Amino acid sequence: MAPKIQWPLVLFSMLAGCGGCCFAFAGVAGALGESTTVTLWATGISLVLVVVGAVCSMMHLATPRHAFAAVTHLLSFSGISVELIMLGVVSALMVAYGAACLWFDNELVRLVLGMAGALAGVVLAFVTGHGYLISSKPTWNTKKLPLAYTGTALVAGGFLYAVVSVATGGVWAMELPVKLLLAVCAVFSAVTVAAYLGHLGMQTAKKNPTLFWVGIVVCGLVVPLACAAILLAPLPSMAFVAVAAVGFVAAMAGGLSLRMLMWIVGAGFLFFFEDAQANRSAILNC
């Protein structure tokens, strides 16, 4: 039986995580002195990604009734409820930060909202992976999984911010502090992804050789690290945008590949529930 990848959840975690982390970079850059025009553009694009990711998550729930049930059980603090809470928190902070950039000339307010948004954006990326920690599923049940989700979202969000910043006339993405932060995120992503692959073991991780070598190793590890290293050097703005764009596309492909692998290696566990549902098992009716 072919592995059944849950595409709405794959897209949700990658898009929402990337959007949250791009907003985190905008908050940090804003604190360093980036113009409100640039951070406003980055925040708007981040909000779009988070909203599209949330829509993908709702699609997985299949019916409005299931979606409403998830919303009405927020205080259960299940994996889904925590994700919904963080989606709401991050979206609210994005709207508030955008409003502060547009209508309030108060640097302290923007600083507080930007820093709160930076923290919340990274937490959102983490919780999109934390819900998969299931004690009976050894390939998922490790903190290395949500850390890898966070790492891949951070590097994708960082490259996206770099593209948006320079394309909209910003300067801080090309300054050393932000470039160093992006390089650190690229290294963090590589380390956390490698740690999760180590948890799986090479035999399991290479179940799909093309996905492993091309998607995860090349796109997810090698290219983002190389692009982050290149960006540390002084570059003309057009070259900077081009390298950052390559890094963003590769990081997105690598992050999606990691999430696809997670579903592939968890296929046996999911088939158990599908078979139980088909046979009207008491396990699902209790």
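Every residue, even glycine, has its Cβ placed from backbone N, Cα and C.
As recorded in TrEMBL:
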- 7-32: transmembrane segment (TRANSMEM)
- 38-62: transmembrane segment (TRANSMEM)
- 74-99: transmembrane segment (TRANSMEM)
- 111-135: transmembrane segment (TRANSMEM)
- 147-174: transmembrane segment (TRANSMEM)
- 180-198: transmembrane segment (TRANSMEM)
- 210-233: transmembrane segment (TRANSMEM)
- 239-272: transmembrane segment (TRANSMEM)
Query raised in the report: So, does the transmembrane segment (7-32) come close enough to the transmembrane segment (111-135) to give 3+ Cβ pairs below 8 Å, pairs being at least 6 apart in sequence?
Result: yes
Query raised in the report: Same chain, outside the transmembrane segment (38-62) by at least 6, Cβ under 8 Å from its Cβ: which residues?
Result: 6-9, 11-20, 22-23, 25-27, 29-30, 70, 83, 87, 90-91, 94-95, 97-98, 101-102, 114, 117, 121, 124, 157, 160-161, 164-165, 168-170, 172
Requested in this report: Grab the same-chain neighbours of the transmembrane segment (7-32) for me: Cβ-Cβ under 8 Å, and only residues 6 or more beyond its ends, written as numbers and ranges.
Outcome: 38-39, 42-43, 45-50, 52-54, 56-57, 59-60, 87, 90, 93-94, 97, 110-111, 113-125, 128-129, 149-150, 152-154, 156-158, 160-162, 164-165, 170, 172-173, 175, 177-178, 181-182, 185, 252, 255-256, 259-260, 263
